[in-house]
Structures are given as C-alpha cells and as structure tokens.
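The structure appears below as structure tokens.
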C-alpha cells in the first residue's frame, strides 16, 4: 500500500470557473444535476423519480431507487487498483498513527458485520449504536 496514494490518479482541484459552472447547473436544473451525480454510484434498483416535491418540506430523493453505502464506499474498489490505496489516515497522540487501505477497511467492516450478526444476533432492521473514543476503528 502506498501511504501517499489517493483513490484516483492525481490530486484534482477544480478551478473557480469550473466550480461556478457546477454550482449554476445545480441551481438551474437541480433534478438533472443530481440525476447525473447519482449515476456515478452503484444502484441495486434504479429510481423512477429524482425528486418528489409533493409533501414539501419533506422532499423525497431518488424515489424507488435502492443503493448501499458500503457497496459504494468499499465493495466496488475490491479487486481494483484502488483496493491497496489509502482509504484514510488516523492520527492520535503524538507518534500514534495508522493508515488503512480500502482493502483493510473492507475486511474490518466485514469482520464487524459478521460478529454483530453471528455473536450478537443483529438482523436486518435492527439499529445499533456504539460509542467509541477517537480510535482508528471509529469509522468501521
């Protein structure tokens, strides 16, 4: 794993004009803008409506669609060149440092999910809250 590697080929900082272009698109045609952004994700079920404004202010986004945050954040990178790149850096007290790759994070998340299911009995629909200090395992 390369500690300095990002999950994309190079660091990218959009120029102000490009940023303003995105901003203008996002306010001029909000549904088209977010439709285009959402298509960059993996969806288990496609949406049939980008934005439902029927019960304002309780808007519904990507109506009928179904995705999975873990699939988009981790699973999709396993088996690709991104797997061994840095997912995040953790720094604690001076000298206390840890670097996790997407592959490391994927394995740890799945280990925890297995333990919650097999040893504690957590099942779909259950809600779990875990309070942790600022340790490397916090995002897991």
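Glycine is treated like the rest: Cβ placed from N, Cα and C.
Unlike curated records, TrEMBL annotations are generated automatically.
Here the structure is a predicted model, which means the values were calculated and not measured.
Record features (TrEMBL):
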DOMAIN    22-73  domain 'Acetyl-coenzyme A synthetase N-terminal'
DOMAIN    83-140  domain 'AMP-dependent synthetase/ligase'
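The DSSP breakdown of the domain 'AMP-dependent synthetase/ligase' (83-140) into helical (H, G, I), extended (E, B) and coil residues amounts to 21 helix, 12 strand, 25 coil. Mapped onto DSSP helix, strand and coil, the domain 'Acetyl-coenzyme A synthetase N-terminal' (22-73) counts 21 helix, 13 strand, 18 coil.
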